[in-house]
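Engineer: A single structure is presented below for examination.
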């Protein structure tokens, strides 16, 4: 798909994140947390679509920052497991 076309709200609906159990959400988190730091940093988030489909594209910097802002509840620049 075209750059700048990523909509994180539609993405969350498509992957059914809101309907998943806390255990399933943690499994997804650990898949995306490549360096196992306990946080998903911006660099890991850029490749989020590849975690769901091998031919997924990288997110643009703008898309990555929007997704990070949506998940970064405490404003520390990364997404924690909670």
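Glycine too: its Cβ is placed from the backbone N, Cα and C atoms.
What TrEMBL records for 33, 35, 37, 39, 44, 72, 74, 76, 78 is Ca(2+) binding site. Annotation source TrEMBL lists domain 'EF-hand' at 20-55, 59-82.
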Engineer: Work out, from DSSP, the number of helix, strand and coil residues along the domain 'EF-hand' (59-82).
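Structural biologist: Its residues fall into 11 helix, 3 strand, 10 coil.
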Engineer: In the same chain, who gets a Cβ under 8 Å from the domain 'EF-hand' (20-55) while lying at least 6 residues past its ends?
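Structural biologist: Residues 6, 61, 64-65, 67-68, 71, 77-81 contact the domain 'EF-hand' (20-55) from elsewhere in the chain.
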Engineer: A 10 Å Cβ contact count, applied to the binding-site residues 33, 44, 74: which residue has the minimum?
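Structural biologist: Counting other Cβ atoms within 10 Å of each of the binding-site residues 33, 44, 74, the minimum falls on 74.
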Engineer: In this predicted model, what is the average pLDDT of the domain 'EF-hand' (20-55)?
Structural biologist: 89
Engineer: Do any residues at least six apart in sequence from residue 78 (Ca(2+) binding site), in the same chain, have a Cβ closer than 8 Å to its Cβ, and if so which, in order?
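Structural biologist: Same-chain residues close to residue 78 (Ca(2+) binding site) (Cβ under 8 Å, separated by 6 or more) are 39, 40, 41, 42, 68, 72.
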